[in-house]
Structures are given as C-alpha cells and as structure tokens.
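**Student:** What follows is a single structure, and I will ask about it in a moment.
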Amino acid sequence: MRSEAERQRSFRAWPHTCRTVSPAELARSGFYYLGPGDRVQCFSCGGVLRSWEPGDRPDTEHRKFFPSCPFLQVRRGPPGGTDSVDGQILGQLSGEEPDRTWEPVCPQMAGEGDRLGSFSTWPRYANGDPQQLAGAGFFYTGHRDHVKCFHCDGGLRNWEQGDDPWTEHAKWFPMCDFLLQVKGEAFIRSVQESFFSSPETSPESVGSYEGSPVSSPGSPPVCPFLSTSVAQGALQMGFKRNRVSSLMINRFILTGSCYGSVSELVTDLIQAEEIHGTESVSVPRAPTQRERPEPPKEPAPPLSTEEQLRQLKEERMCKVCMDNDVSMVFVPCGHLVVCTECAPNLRHCPICRAAIRGSVRAFMS
C-alpha cells in the first residue's frame, strides 16, 4: 500500500453514503480502506480513523492523531504516483508490514472441503450452517462458535439465527480479496450501505451495550495504566491520580510505549508541576491536639500466586467479549479496554462514553 494508486483501488468498496470525505484525498494522505463503514488505516503507522465529518481534512486529521507517523515525517515531493518514502526508515519505524498481501493467510484451508472438515466438532447448540460457513470462506477454530476466513483471517463469533455468512463477511471484512472475487464489488457495497446507514448502527447508537463497564455518574473514568507498577510507585509517592493518568495516556498515544521506570515518570510529573503548579503532591500534615491518630491498620495478607494471575488476566481481558486480551487504544480518550475484534463494533468508549475518533494497536509485553 505504499503506492497511492494502490490505496485508491482499495476504496472500490467505499460506501456511497460516505460522502463527507474524498477517497482520493484519503489515499493521498496515506490511508487505504479498511472497513467496515468509513474506517481507514494508514499504510505506514497503522493508525485507524473513522466517523468522518463534513469539513474533515484527511491530512490534518492524520497529523493531529498520529503526529509521529513515518509517512508524514519523511514524505517529500508532489502527491500522486508512488509516495517517496525511505524504505529503510519505514521498516525501522513502522510496526506492521505496510505492503498488502493478496495471498491467503491460511492456504491449508483454501479448499472448501478442508474448511467443511474443520466443522466436525462444531457445537450442536451453535447457530450457523457449516456448509454455508465453509462456502463463505470460513473454517472452525475449535472454540465455541468462532470461525475465521482462510484468506483475510477475519474472525466472527456469536452467530445468531438467520445470520448469513456472506453478508456478515462483507459487513465486517469488506477488503477480503476472496470475498471480492466471489461476490463482487456491488454486493459488498450494498451490504456496507444497508448496514452502516441504518439507525441501529449509527455512530450515536453503536456501542451502547448493556453490561458495558461504564463509569457511574460523577465518578472519574478508570485509566488502565494506573494498575501498572510504575504508576503505583508514583501514586505511593503522593502524586495525584489524574496527573499520573493524564501523563501516562499522553505518553502512550504520542510514542506508542509506556514509561519504563518510576523515575522517568516522576521526572515528567515534576516538570508538569512546574508548569501547572505544585499542587500535585499531597504532603501529610501533623495532627492537631483535637485529632487523635488512627490506630495502624493490620496489613492485608499477601495474595496467592493464583489470585495474582487471576487479577492480571482480568485486567488484560477485553471488557466487551470477555475472552481476548485488550489490544486497542482509543483516540482521543486513551482507554485500553477492548480487543481488535470488538473495537470495530464500538462508536463510543465503553469507559468514558467519549466518541471514538481513531484507534491504535497496542502490543502488550
């Protein structure tokens, strides 16, 4: 996808209802069509943007949310043709392979018979006909009702009665080349337009799931970075939670990495105090005569290894599907609460309810 012409070709499945921004301008700014809806991704930094509004300029939005993108930093020369990007620099700075491959991800499942054979252990309670699923390019992963496309590696689950595999394939993975070859552009475009123009799937309604971990009214949103040992170390020194949370989120969004040590975080906290005031550190005052010191509390018993592992697994679990690990950071709120499969379904952050303007893939160590 380094070629602007190749990125423009990716927009052949771009829904006609998405008229707020030009596909040509998106391709010129480094984006190719990802889907579903109006989701696009930068070929260089991997940044994803969606929910385009009238007046949005792709190049401006790209620089706003992904200022460290190698494509933006090293791009030179007039737009059009092949973008002049240093391949060596791009290889060092980009987290993903930018060139799109049209080869199947799982070639061993390229045959429909092989895919159908994978459904030998398909649960009886599961919805979805194995014959139809296999015909639409899916094979069974062996877990619950999870299936994957052999070509694009797109995964689907939680099948309901009446779901059509081809329609779901086109809805969530419109750039799959196998889907494009079999069903054609017209089918994909019709699915995209019918689904993402309906009121039930508008940006205002998608993502309002019951049971989502939404903060109660008046309470501050929970920052996932505060559970790290680095953040806990700073909090124990007396720094304010909101200041620690803000710095850690900004650091991750701007650099893609977290603070490596408490001292590094404390240095930035002190610098922030010098700019915004020194009220971040709370100094305990001596008790007055009328105050009686509280008796020391007994230390809590140490957690067992099993309990620590359980808590760690719970912290890293996707808060929507409760199955995969969290891996997507929402922009601009910075919350890290969902996996790559659930992120495309959300239009608002399930934690703070802020509108999701983009997302960045996070790789947990």
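Glycine residues also receive a Cβ, built from the backbone N, Cα and C atoms like all the rest.
Pulled these features from Swiss-Prot for this protein:
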BINDING   Cys149, Cys152, His169, Cys176  Zn(2+) binding site
MOD_RES   Ser198  phosphoserine
MOD_RES   Ser202  phosphoserine
MOD_RES   Ser212  phosphoserine
MOD_RES   Ser216  phosphoserine
MOD_RES   Ser219  phosphoserine
REGION    186-234  region 'Self-inhibits the anti-apoptotic function'
REGION    278-306  region 'Disordered'
REPEAT    7-73  repeat 'BIR 1'
**Student:** Return the count of C-beta atoms lying within 10 angstroms of the C-beta of Cys149 (Zn(2+) binding site), excluding that atom itself.
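**Tutor:** Summing over all protein chains shown, Cys149 (Zn(2+) binding site) has 26 other Cβ atoms within 10 Å.
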**Student:** Would you say which of the binding-site residues Cys152, Cys176 has the most Cβ atoms within 10 Å of its own Cβ?
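**Tutor:** The largest 10 Å Cβ neighbour count belongs to Cys176.
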**Student:** Across the repeat 'BIR 1' (7-73), what does the mean pLDDT come to, as a whole number?
**Tutor:** 84
**Student:** Using DSSP and three states only, what is His169 (Zn(2+) binding site)?
**Tutor:** helix
**Student:** Might you list, by sequence position, any residue in that chain lying six or more from His169 (Zn(2+) binding site) with a Cβ less than 8 Å away from its Cβ?
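**Tutor:** Result: Ala136, Gly137, Phe138, Cys149, Gly154, Leu156, Cys176, Leu179.
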**Student:** In the repeat 'BIR 1' (7-73), how many residues does DSSP put in helix, strand and coil?
**Tutor:** 25 helix, 8 strand, 34 coil
**Student:** Around the Zn(2+) site formed by Cys149, Cys152, His169, Cys176, list the extra residues of the same chain whose Cβ is within 8 Å of the site's Cβ centroid.
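**Tutor:** Here the nearby residues are Gly137, His151, Asp153, Gly154, Phe173, Phe178, Leu179.
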